[in-house]
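What follows is one structure encoded as C-alpha cells, with my remarks underneath.
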Amino acid sequence: MASSFSAESAERIIVALDGMAPDQALAFSAQVQGLRWVKVGLELFVQAGPEVVIQLRNQGLRVFLDLKFHDIPTTMAGACLRAAALGAELITVHACAGSEALQAAQAAVVEGAQSTGQPVPTLLAVTVLTSWEEHRLQRELAVEQGIAERVSQLALLAAKAGVGGCVCSPLEVASLRAQHREPFALVTPGIRPQGTSVGDQVRVMTPPAAIEAGASQLVIGRPITQSENPSGAFAQCCTALST
C-alpha cells in the first residue's frame, strides 16, 4: 500500500530504539513501513556492540549513534573516528567538553568516514538534556544561567568549533535557528505527538510545532515504539509534518 506521507517527512523523523534488546531492535526497525532513520543509544550499543550499527545499515536504514561522548580531546577524537568508520551518519558529543575536544571530534569524523569510504557524518553537540529543569540546573550544577542562555552559549561554542549542529529541546529551537541558519542542524528529542504521555521529558513539543520552529530532525521514541501499531504511529507523525 502506498504511503500517505512524503519521503521528506520520513527523513525528518528519527525513531529511538531505546529500551530494546538487539533482536527486538532489528525486528522492530524492519517492520515499520517507510522508516528512514533510527537512533542507537547507550543501552542498545552496550548490549549489542558496534555490530548493531552495521546490521541496521544493512536494512537500508540511516543511523544516529547517540552515545554523547564527553572526554578529553584525544579520547573523544578516537571514539568519533571509530563511530564514523561504522557508517553512523549522526554522532553526538557533549558541547561542554569544550572547543578543543569539539574541534578534535569534528576532524576525526571526517577522517574516520573518508578512510573507510563512508559518508561523512554530521557531528552534533548536546547542549542541555531535555530532562533538566532550570531550578535543578542551578541547584545541582551551580549553573547561574537560565536554560535558554546556557543552550545558546553551548550552541555558539559548537558552531565556532566547526561542529555540524546541536541537540536541544524543542523549546530552544526557535531562538537557536534565529542565531544559526541552515545547514547548521538542530536535532531535537522531547517530541510528543498530540495526546501522548511526556514520560521523563520535561521540555516537550509536538512534531509540527518543532519543525515550524526550525528543527531539522525530530527524535521520537515511545510514542512510536510502544504503540500497538508502530507503522501507523510513525505514519501519523509523518503525515502531521506533510500537512
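Cβ from N, Cα, C; glycine included.
Residues or ranges marked as substrate binding site by Swiss-Prot: ASP18, LYS39, 66-75, THR130, ARG192, GLN201, 221-222. Feature annotation from Swiss-Prot assigns active site, proton donor to LYS68.
All features noted in Swiss-Prot, drawn onto the structure.
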residue	record	DSSP (3 states)
ASP18	substrate binding site	coil
LEU67	substrate binding site	strand
PRO73	substrate binding site	helix
THR130	substrate binding site	coil
GLY221	substrate binding site	coil
Alpha-carbon distance [the residue listed as 'active site, proton donor'; THR130 (substrate binding site)] in Å: 14
Separation of alpha carbons, LYS68 (active site, proton donor) and GLY221 (substrate binding site) (Å): 17
Number of other Cβ atoms within 10 Å of the Cβ of ASP18 (substrate binding site) across all protein chains: 17
